[in-house]
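Quick notes on the structure that follows.
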């Protein structure tokens with residue numbers, strides 16, 4: 001007689017084995033109707049799976065994050081069901097859940113079109129609206145193989161042969177005449193899978209191996225109700241409007257071309273923003289007492305072998321040779337910084353030593369993964385490495401955390417998710433060292449009143465790590481900042497200092513990045529601001545326009561004054577209507593549009609309006625310059641009078 005303990009501590013006793021669905025029905029018909037699956041003693045189970053002994057049970061519904069993930073997985077099976085009805089010759093590969101949706105890789109000679117996708121979506125909805133039950137059968141390995149062999153499903157057979165033990169009992173999920181294989185769980189009925197949309201088609205190699213056949217990958221999204229789906233699609237539409245590639249072209253910030261894949265050609269205005277970001281971080285480095293250094297772009301293979309990168313990372317490194325020596329273009333800055341540390345004898349009195357670089361790095365990312373500024377091959381990293389004693393770790397990490405939050409808040413990012421990755425199974429050092437390292441990171445986070453999630457076993461083999469993920473205005477997550485302890489690299493590269501007792505000791509190395517890749521962070525900012533940069537970042541802060549030729553000399557005089565004040569200003573003296581000029585510079589997202597007519601010229605004033613169309617009236621040029629200077633020095637995210 002199993003006794004079921006529910007999350008509120010209440011218990012229910014049954015005279016026979018029961019399923020999660022049975023328990024839900026015993027509680028009430030509403031919960032039975034909403035039940036998708038169950039978490040039994042911490043493990044997700046199908047709603048139909050029997051519970052034979054005493055257990056703790058949480059009933060999963062579409063209100064739970066796990067419930068949404070399950071219905072998305074079931075939508076992938078629904079997609080398979082529809083595909084096999086429309087194209088019976090299709091061979092099904094894999095159909096996992098991804099962020100906000102799912103995909104299915106299929107082998108079909110017919111190249112799917114947008115019309116086909118619409119037909120597929122229509123058939124999926126027709127099937128889902130019949131509210132058929134999903135039937136689960138647990139079978140032997142051989143029966144599963146025979147089932148898929150009879151259907152000609154060679155990819156399912158390959159999964160069984162290569163990934164599943166012959167002693168296993170795979171679960172088959174029957175969607176009427178369609179059968180799929182999965183660990184589950186899945187929804188018990190297709191009434192849960194009626195709010196979805198197929199999004200796109202792409203190519204994908206089987207097993208991710210370019211030597212295998214190219215399959216077609218169909219992406220979809222699925223949600224618990226119509227409102228959630230509509231909200232997500234509206235967010236995607238807004239994201240498309242904010243696409244940094246589109247805005248980058250509109251504002252003439254940068255371009256990329258086939259002859260240099262993953263490399264950025266910065267144009268004047270884009271480079272202006274890039275340099276402003278650098279200047280901002282450089283001020284932070286000075287505030288937090290860092291040295292700024294510059295290491296070579298390319299170093300001998302021997303050094304990369306000593307650091308361990310050649311063995312672990314060589315596939316992502318660009319290499320070249322000269323005079324019988326092999327070189328690698330650096331993918332990261334850390335080995336170079338250790339070389340700088342090693343020049344000259346270091347004492348414990350020199351520590352902590354904080355070393356920063358705007359390092360130009362290159363990584364040989366797969367061409368298919370490149371995406372505008374977000375995924376490139378050549379990038380600048382706001383990298384820093386702190387050499388310190390073990391006793392100094394907590395204070396230094398705390399300082400890094402403060403710098404991260406100080407920096408992100410300047411750009412308007414307040415929603416930061418923090419994760420602490422702890423010791424993996426394969427690691428250097430003893431448990432005592434890891435205990436101290438992990439506790440130092442925890443204490444630093446707690447000292448700054450930061451909530452964090454622990455990711456057990458996700459740390460690097462050489463030390464634990466803190467990751468900072470910022471959420472933008474569309475609630476998309478961007479992992480940017482990291483603070484990583486390293487107990488291995490200084491030792492591998494011979495870094496030592498003289499301790500207080502005159503012994504030679506190896507320093508702890510803290511890897512620290514805040515923006516990460518400046519290119520990627522600039523892409524994030526373009527999308528966050530939709531190209532409407534705050535005044536301090538805007539490549540052109542002010543444009544001054546005349547109404548007639550009579551004001552041309554005065555306009556040039558005003559612009560000259562602004563430039564002398566350090567304000568990025570330009571003029572527009574074209575023989576065009578003032579409304580046309582205002583519209584054009586509004587589309588260029590220039591923060592302030594200044595208009596000069598006869599009256600303004602006579603009174604040494606300018607008529608000020610913002611790119612949002614707010615009329616700020618007439619101001620003396622000295623007064624306007626003072627207001628702008630204050631806004632820039634405060635790095636305000638708002639325009640005047642907002």
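Cβ coordinates come from backbone N, Cα and C, glycine included.
Remember, predicted model here, so these are calculated numbers, not experimental data.
The average pLDDT for the domain 'TGS' (1-61) in the predicted structure is 93. Look at Swiss-Prot and you will find 1-61 tagged as domain 'TGS'.
According to Swiss-Prot, the feature region 'Catalytic' maps to 243-534, an assignment based on sequence analysis.
For 334, 385, 511, the entry in Swiss-Prot reads Zn(2+) binding site. Taking Cβ-Cβ distances under 8 Å and a sequence separation of 6 or more, the neighbours of residue 334 (Zn(2+) binding site) in its chain are 307, 383, 385, 486, 489, 509, 511.
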Check: Using an 8 Å cut-off from the Cβ centroid of 334, 385, 511, can you name the remaining same-chain residues around the Zn(2+) site, in sequence order?
Finding: 332, 333, 337, 383, 384, 484, 486, 489, 509, 510, 512
Note to self: Most Cβ neighbours within 10 Å: which of the binding-site residues 385, 511 is it?
What the structure shows: 385
Check: For the domain 'TGS' (1-61), what are the DSSP-based totals of helix, strand and coil residues?
Finding: 14 helix, 24 strand, 23 coil
Next item on the list: Using DSSP reduced to three states, classify residue 385 (Zn(2+) binding site) as helix, strand or coil.
Entry: strand
